[in-house]
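The structure under discussion appears below in the form of C-alpha cells.
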Amino acid sequence: MELRVGNKYRLGRKIGSGSFGDIYLGANIASGEEVAIKLECVKTKHPQLHIESKFYKMMQGGVGIPSIKWCGAEGDYNVMVMELLGPSLEDLFNFCSRKFSLKTVLLLADQMISRIEYIHSKNFIHRDVKPDNFLMGLGKKGNLVYIIDFGLAKKYRDARTHQHIPYRENKNLTGTARYASINTHLGIEQSRRDDLESLGYVLMYFNLGSLPWQGLKAATKRQKYERISEKKMSTPIEVLCKGYPSEFSTYLNFCRSLRFDDKPDYSYLRQLFRNLFHRQGFSYDYVFDWNMLKFGAARNPEDVDRERREHEREERMGQLRGSATRALPPGPPTGATANRLRSAAEPVASTPASRIQQTGNTSPRAISRADRERKVSMRLHRGAPANVSSSDLTGRQEVSRLAASQTSVPFDHLGK
C-alpha cells in the first residue's frame, strides 16, 4: 500500500529522527524527484514543525537555504516537505578520518560565513553553529554548503526599525557547549558575534581534529559544562591556533572584540581567508577532501571550471533564488500510523541506501570505522542522503534534560 502526503508525494522509508518528529525519504509522484518529509504528530505536547517551517520560509531565497516544497496536515500528522540534501560536515569529517586539509577548511569557511551573514540579514541569529548543522547539496549542487536547523534561532532585531534586542545577563541559554562562545558560557544574551565565534571553533575543530575542551570528565553534565567553560576561557586563542596560519587567531580575536550589538564585518572575515587561500596557491576548483577519497584522482579541468562558474552564479543570485533541504527519518509507518495517511493501490517503491550512523562528535557506537566509511562512500557515489542529526528537530522549549557537550539542546546557565 502506497502512503501519500498532500496527494502529491510518496512517503518512503524512515531516514532519521529527532526529539519532536521523524524524517522520511519521499518522492514527488509526478516527477520522481526525491524529497525529505518531516512528520510530527499533531497531538505532540510541544508542536515545533509549524514554527520550524515558518523559519525556513522566512529564509527562502538565499543560497544554501533548504527550500520548502509543501507544508500542511495529513491525518494525525503535521507535515513539511523539503528538498533533499546530502551528508553533514560532521559526517564528512568522520569520513575523512576526522581531519580536513587547510584547503578544504578555507573553502568551507568562505561559504559558512556567507550562510551566517544571510541569516543575520534576515534579522535572526542561529545560536547553534556546529558541523552537524551544515550539509552539502546533492548532484549539481554537491559543492554547495547548506545551513539547517532553526530550532534554536532567535530574532535579534526588529525587521522594520532594526532596533537590536537589549543586552541581558544571567540567561538560561541554548546551544552546543563544545562550540559555544565565551559570552554564551557566561550567560550573556547571544547576538551576531556569538554565531561567528562559534564558527571559529568549528574551523579549528576541522583543523585540529578535536578541541582542547573535548573529553573532559565530570561527575555530572552540569559540572562538565563548567569544565568546558573554564578550559575554553583559560586557553589563549594563540595557543588554540598554534601551528596554523595566523588568520584563524585573527578571526577569533576579531569575533571576541565585537560589542553586543555590533554588526560584524563579514566581508573582512571572508577576505582574511580568501587572501590566505591565494597565498597558499590553492585553486577554487571546489575539490574537497571527500571528493579526493571519492574519485581518487583529479577531475576533468572543464568540469572544474564549469562547477566554479555555476557556484559563482549561485552566489550572485542568492538574494533572488531559493535552493535545496536535508534528509529526514527508518521505514514507513505501519499499522495505525499507516491508516492515518492516505493510501493508494500501487506498491511502495523501494528506496536506496542503508543508513549512515549519526556520530555526533564521537566515534559511532554501533558500527566500525571501516563500516561507517564504506556507508558514507556509498552515499557519495550514489548521491544518496545522509541520515539527519538529532539536532534537526531540536525544539526551542526549555526542556529539563541536560545533554552531552556536542548535543544542541537548551542548557542552563551555570553561573546563576
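Cβ atoms here come from the backbone N, Cα and C positions, even for glycine.
Record features, source Swiss-Prot:
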DOMAIN    9-277  domain 'Protein kinase'
BINDING   ILE15, GLY16, SER17, GLY18, SER19, PHE20, GLY21, ASP22, ILE23, LYS38  ATP binding site
ACT_SITE  ASP128  active site, proton acceptor
REGION    301-416  region 'Disordered'
COMPBIAS  301-318  compositional bias 'Basic and acidic residues'
MOD_RES   SER343  phosphoserine
COMPBIAS  351-365  compositional bias 'Polar residues'
MOD_RES   SER354  phosphoserine
MOD_RES   THR362  phosphothreonine
MOD_RES   SER363  phosphoserine
MOD_RES   ARG382  omega-N-methylarginine
MOD_RES   SER389  phosphoserine
MOD_RES   SER405  phosphoserine
MOD_RES   SER408  phosphoserine
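Between the C-alpha atoms of GLY21 (ATP binding site) and ASP128 (active site, proton acceptor), the distance comes to 19 Å. The residue listed as 'active site, proton acceptor' sits 20 Å from ILE23 (ATP binding site), taking the Cα positions as reference. ILE15 (ATP binding site) has a Cβ environment of 28 other Cβ atoms inside 10 Å. Other C-beta atoms found within 10 angstroms of the C-beta of the residue listed as 'active site, proton acceptor' number 24, with every protein chain shown included. Look at the binding-site residues SER17, GLY21, ILE23 and count other Cβ atoms within 10 Å of each Cβ; SER17 has the fewest.
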